[in-house]
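Okay, structure first, notes after.
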Amino acid sequence: MSDIGDWFRSIPAITRYWFAATVAVPLVGKLGLISPAYLFLWPEAFLYRFQIWRPITATFYFPVGPGTGFLYLVNLYFLYHYSTRLETGAFDGRPADYLFMLLFNWICIVITGLAMDMQLLMIPLIMSVLYVWAQLNRDMIVSFWFGTRFKACYLPWVILGFNYIIGGSVINELIGNLVGHLYFFLMFRYPMDLGGRNFLSTPQFLYRWLPSRRGGVSGFGVPPASMRRAADQNGGGGRHNWGQGFRLGDQ
């Protein structure tokens, strides 16, 4: 048990709380401590009955059963693996910026879920984070099942197809990929690659709550040091290789 505790405490803070909630909420529903009917995102209940907790519980809940258990475990692994890599890589020392990314993606997913009557939001949020990681490491070669190897930029779409095979749907994965692309475009590609303005900015109260560590940069739209060095070497303009500044290690 001490080994499990040590492993759990080694997970970076934001990923640790997200991971714990994604384990605890399905367990609560499975044990019947709270009826799963209160954990789904139902637009009518949220909008007209003021059951304001539903967007939160729907983000962590997943109906685990004989037909869904494997899909749940696979996505739980994706959450742990890629959120940890983002939090300790591109967002290292900047917990407020990482939390803001999660909040931005979550709000977009909730709005989409209400519009499209999506009852579960766990997979879309996980996929949005995985998509951002894949774009920041787009030229890294990753390994998938059965020894297949390809560039990281294709990983979200490979997983979309994989989840379709084992789960029978692609809507959740597609929404997650699109939301992740929206964040990546507004945060990195548009201001840094296309010379546009910054549309995203982490609120100051998040910096007061989660101050940057080790001299981390405050404020979105300012690239991590490794990307700035790559841009400087390319003359500070034009297109550049997104993956080189964000390699987080070999898969």
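The backbone N, Cα and C atoms fix where each Cβ goes, glycine too.
The N-acetylserine annotation in Swiss-Prot covers S2. According to DSSP, S2 (N-acetylserine) is assigned to a helical segment. Using a 10 Å Cβ-Cβ cutoff, S2 (N-acetylserine) registers 6 neighbours.
Sequence annotations record features per position, and here Swiss-Prot assigns topological domain 'Cytoplasmic' to 2-15 (among others) based on similarity to another entry. The average pLDDT computed over the topological domain 'Cytoplasmic' (2-15) stands at 91.
Positions annotated as transmembrane segment by Swiss-Prot: 16-31 (among others).
Sequence-distant contacts of the transmembrane segment (70-89) (same chain, six or more residues past either end, CB-CB distance under 8 Å): 11-12, 14-15, 18-19, 22-23, 26, 62, 64, 95, 98, 122-123, 126-127, 129-130, 132-133, 136, 159, 163, 166-167, 246, 248. Per Swiss-Prot, transmembrane segment is recorded for 70-89 (among others).
If you look up Swiss-Prot, you'll see 90-94 (among others) marked as topological domain 'Cytoplasmic', on the strength of similarity to another entry. For the topological domain 'Cytoplasmic' (90-94), DSSP puts the residue distribution at 0 helix, 0 strand, 5 coil.
The transmembrane segment feature in Swiss-Prot is assigned to 95-115 (among others).
Residues or ranges marked as transmembrane segment by Swiss-Prot on the basis of similarity to another entry: 123-137 (among others).
Feature annotation from Swiss-Prot assigns topological domain 'Cytoplasmic' to 138-154 (among others).
The annotation transmembrane segment is assigned in Swiss-Prot to 155-166 (among others) on the grounds of similarity to another entry. Nonlocal intrachain contacts for the transmembrane segment (155-166), taken as residues 6+ away from its ends with a CB within less than 8 angstroms of a stretch CB, comprise 70-71, 74-75, 78, 123, 127, 130-131, 134, 142, 144-145, 148, 172-174, 176-177, 180.
Residues or ranges marked as transmembrane segment by Swiss-Prot on the basis of similarity to another entry: 171-189 (among others).
According to Swiss-Prot, the feature topological domain 'Cytoplasmic' maps to 190-251 (among others).
When secondary structure is read from DSSP and collapsed to three states, S201 (phosphoserine) falls in the coil class. Residues or ranges marked as phosphoserine by Swiss-Prot on the basis of similarity to another entry: S201 (among others).
The feature phosphothreonine is assigned by Swiss-Prot to T202, with similarity to another entry given as support.
Positions annotated as phosphoserine by Swiss-Prot: S226 (among others).
The motif 'SHP-box' annotation in Swiss-Prot covers 241-248.
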| request: Using a Cβ cut-off of under 8 Å, list the residues of the same chain at least 6 residues beyond the transmembrane segment (171-189) that approach it. | output: 101, 104-105, 108-109, 112-113, 116, 118, 120, 123-132, 135-136, 156-157, 159-160, 163-164, 199-200, 220-221, 223, 242
| said: I'd like to know which of the modified residues S201, T202 has the most other Cβ atoms within 10 Å of its Cβ. | reply: T202
| request: Compute the C-alpha separation of S2 (N-acetylserine) from T202 (phosphothreonine), stating it in Å without decimals. | output: 37
